[in-house]
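Okay, so here's the structure we're looking at.
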Ligand SMILES: CSC[C@H]1O[C@H](OP(=O)(O)O)[C@H](O)[C@@H]1O
Ligand SMILES: Nc1ncnc2[nH]cnc12
């Protein structure tokens, strides 16, 4: 794959973003077009963004969440830069992939999960809003349904279809616990998460999902199970070595799923069919008339929400 930098005025329109997690560092089953590395008000994304072509005039933007060579820990992923960079390319929907531990017997390593709820167990050390002091204005986004419901509804049958014949189960309507890491959970924590109603666990869905909501991007997670975490009494608790064993298989299946669904997703996004609940959702979340926000804040926020702040 070549790695040319391209002037943004020459870039194709990109409506769909994909964020790859542990093990999924590229979508090299798609046709490479170019790489870009936007300098957002929140810095550069985790990795240069690859733009790939799915069909005539249908493109997708890909970011490796942990960077090339897996250099960003889950606590230090530049999530604001990632979401802002995708938004600046025109992205309206993100499919994020993530390696997760299973908190349920029926979710086996190798299974795929599309969760619809999140429990936040991060520790407040990750910048998790675009509306901080530098923005000069506060906003309170709605997050009761942390994933874009219309997108989830569209996605589940398409992923199921993509997995047919592969002996990979798909689970939907599950709750993901997002913990801080980078160490895995204790057995007591793992059991507590089960009591709370958690089904799977990762270290990455937050603040990504919150920031996508603030940027009015529809966001869904496709989780791929790698282990049974630490709750099973008679089994060893999860180790990185155990996770590594299945990462490649899960990443290959994820590439296949992406190739299967993305062209159609582009079509429904372009037609506005899966976006309506997220687009426009920040309008009444911003605590001040955007035009009264000082220039410094407006400049930053116009990068992600130009319709209000430009
Ligand atoms: C490699 S095990 C822990 C690591 O894997 C997951 O990463 P990602 O969500 O980016 O696939 C999990 O969230 C942890 O960051
Ligand atoms: N058991 C686990 N806990 C947190 N994140 C994970 N990612 C993969 N397995 C995990």
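Glycine residues also receive a Cβ, built from the backbone N, Cα and C atoms like all the rest.
Going by TrEMBL, these are the annotated features:
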{"type": "DOMAIN", "residues": "16-262", "note": "domain 'Nucleoside phosphorylase'"}
{"type": "BINDING", "residues": "22, 65, 66, 98, 99, 204", "note": "phosphate binding site"}
{"type": "SITE", "residues": "185", "note": "site 'Important for substrate specificity'"}
{"type": "BINDING", "residues": "203, 227, 228, 229", "note": "substrate binding site"}
{"type": "SITE", "residues": "240", "note": "site 'Important for substrate specificity'"}
What is the Cβ neighbour count of residue 22 (phosphate binding site) at a 10 Å cut-off, with all protein chains included?
25
Roughly how many angstrom lie between the C-alpha atoms of residue 228 (substrate binding site) and residue 99 (phosphate binding site)?
12
Cβ atoms other than its own within 10 Å of the Cβ of residue 98 (phosphate binding site), all chains, total 27
If you draw a 10 Å sphere on the Cβ of residue 203 (substrate binding site), how many other Cβ atoms land inside?
25
Among the recorded positions 99, 240, the one whose Cβ has the most other Cβ atoms within 10 Å is 99
Determine, for the phosphate site, the additional residues of the same chain whose CB lies within 8 Å of the mean position of the CB atoms of 22, 65, 66, 98, 99, 204; present them in sequence order.
20, 21, 23, 24, 74, 97, 202, 203
In whole Å, how far is residue 229 (substrate binding site) from residue 185 (site 'Important for substrate specificity') when you measure between their Cα atoms?
7
Out of 185, 204, which has the highest number of nearby Cβ atoms, where nearby means within 10 Å of its Cβ, if these are the recorded positions?
204
Among 65, 66, all listed as binding-site residues, which has the most CB atoms within 10 Å of its CB?
65
CB < 6 Å to ligand 1, subset of binding-site residues 98, 203, 227, 228, seq order -> 98, 203
For the domain 'Nucleoside phosphorylase' (16-262), provide the mean pLDDT of the predicted model.
97
Quick test of your reading of the structure: among the recorded positions 65, 98, 228, 240, whose CB sits under 6 A from ligand 2?
none
